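Here is what Swiss-Prot records for this protein:
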type	residues	note
DOMAIN	319-404	domain 'B5'
BINDING	ASP382, ASP388, GLU391, GLU392	Mg(2+) binding site
DOMAIN	626-719	domain 'FDX-ACB'
Amino acid sequence: MNFLNKSLIRDSVVLQNRWKIIMKVSLNWLKELAKIEIIDAHSLANKLTQAGFEVEDVEMVNIDGHKDYILDVTSTANRSDVLSMIGLSREVSALTQADIVKTADIPSAGLFDNISTIISDDSLLNCSYYVSAIMDNIVIQDSPKWLKNRLYSCGFISQNLIIDISNYIMLKWGQPINIIDLKKIADTNTESYIEITSNFCSSKQKSVKLDNKDIALSRDVLITQINNNITSIAGIGINQEFHVDQNTKLIFIEAAIFKEAVVRKSSRSIGIRTESSIRQERGLNIDNGRSAYRETLSLLIELTHGKVKATFLKKETENSTLNIDISLKKIQDVLGPIKDNHTVRFLSFDEIENTLKSLQFKITKKDVKKFNVIIPSYRKYDVFREIDIVEEIARVYGYNQFQSKIPKIQFTKHPSSRRNFIDQIRNILRNLGLTELVHYSLVKSKGEINLKNPLIKDYSTLRSSLLEGLINASAYNIKQSNQTVDGFEIGTVFNLKRNKIIETTKLAIILGGSLDIRSEWSEPAHSLNWYEAKGIIENFFRKLNKSIQWVKRESSNDQINFIQNNKSATLTYNNDNIGLFGELNELTSSQFGFNTELFVLEIDLDILQYSDPEINYLSYRIQPYSKYPCITRDLCIVIPKKMQINSLFQLLNQFNDNDLENMTLFDQYSNKLLGNGKKSIGLRFTYRSDHKTLTNLEIDNKQNELQKNIIKKLNLEIRK
């Protein structure tokens, strides 16, 4: 033989970190299984790539004077059926609309006549299919040239006739075949009783030799035994002690299909993946296993002149067929129109039927719109849903044959009142200069509702408040030497109430943290204070047309411990508690590294929207702007600490001066000189007339009258 490229040779053992297997596919062998004489290797590679396979290389080789092309093909993990030449030939015939060459019927006469034992299910654990035979009078000769060429083209080196036949069958049918030297097992021959079992390792069974390595066994490893001798690690490899050699005369042939999860667990436990284990892990087909076993015996009889003396068979489970109902409309809706001479049309039933039949799917038409699809047993691992059939049609027909334009959908449904309400809140807050923030619904801290099996410890609890995310985001910005952001978040929080999880939509706002607040350009910048932050919140509710009441907060009524008691308030709407507003306390600010005041708000949007079934609009006074200038006067008043500023403003408005345009608070402080329970506030009064310019004398008279009313009627002290 003239081997020109040694890169074809592959290792028999694949390392555990290999997640995929690359099949070396001989084009000449493929042409014998499917009628694709016309197509060339590169065109075939393109078709396979478009159908979801990876063709990593196409290489021309010369094997024994014959030119061949070798394709390195990788399939997805769920396509166990294409890990064989038979399976790949089915795929290629569907993609190229070629016929499959019917494999020659393998004679079964004499192969199964001497069934000596039916093996019980209890003896073979985790095994869905098992058949074996004993053959004697074996004469091991040199492998025929055609067999060596087949193996070499697929990356295998010829070892001896028995092993070559085993590898050839695995490449052709995808079914691993174990063949061992039965004479090397003590107390076994064709006449004596043979016990075949598969079970998990016991503590006494320490190791097995595979590929010149001692493999330590654990209780997770499934093994097969003959008369209590470990013959193989189930689905992975044969015990090297029982390998066949040139002197072998009596052999034991075994074809088995084990549960995928068990083989996968055994493979991970010992750290080895083989050609056999990869196929077992992905799932094998009983029909292919039966054909592979029969052809193995046929080749052994033909090439070694051996005779079958006994066979062993586990009662086979029936290959259940999968029936899937699907409608023509479903296929057309998912795939959309196809490209057909600039006209828009959809796949017809005949086109769909031909495509599915090329995949060996059986079609039964129920009516004009629906039909039933029977899935072949070798495709049960990847086609078991309606959408899988749609994907197969698109894959074989050609993804590029469908129009890629996304269809336009006409939405006739109007947004809900809920959606409009949330959008209105977003627009108002954005217009006020706030940035919308979004955080995960899962948080690190332990709360009422914890996940049983979280992927990450940092995200193991459903959040019960939005404030934690906003505070953490501000702290992260500071750590990155960035400024904090005045932001808001609208999201869902979760709480337990009477052992039921209650979902609530809330709004949270965070303000402050930066030194860039100034009322005039000439003033030095300062951080946001309580009154400015409260003014932003009041402005928000005013624009939202919601009349909110500010009530003194009772800290015992909530579990929030990071807000100052004397700088916080409970917000109510129609006498319903909707949330709170306040400044972070010093302990929290120091823990997170905040150097300036930060203010937070959290309210319940469900209560805010649905508290009153009737819409109560705020009353407005509409009047034209005055074209005359304003004049301001400042006044310091000593009031009780418990008096609320809003209450004072309402009392002052009772004096009914039409020229008094506005009152604002600009300062407050308290000390011992003022007396216990008292504080001094600075108020700025703005006067403006609608029909003339006010003089200083007129303003002074109005201000003096106001001071008299404050002293006499309100019994308050004016500080000079």
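The backbone N, Cα and C atoms fix where each Cβ goes, and this holds for glycine too.
Sequence features annotated in Swiss-Prot and their locations in the structure.
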residue	record	Cβ contacts under 8 Å, 6 or more apart
ASP382	Mg(2+) binding site	THR76, ASN78, ARG79, ASP81, ASP388
GLU391	Mg(2+) binding site	none
GLU392	Mg(2+) binding site	THR355, LEU356, LEU359, PHE361, VAL383
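GLU392 (Mg(2+) binding site) carries a helical DSSP state (H, G or I). Within 8 Å of the Cβ centroid of the Mg(2+) site, not counting the listed residues ASP382, ASP388, GLU391, GLU392, the chain contributes ARG379, VAL383, ARG385, ILE387, ILE389, VAL390, ARG395.
Under the three-state DSSP scheme, ASP382 (Mg(2+) binding site) falls in the coil class. The predicted model assigns the domain 'B5' (319-404) a mean pLDDT of 89. Other C-beta atoms found within 10 angstroms of the C-beta of ASP388 (Mg(2+) binding site) number 17, with every protein chain shown included.
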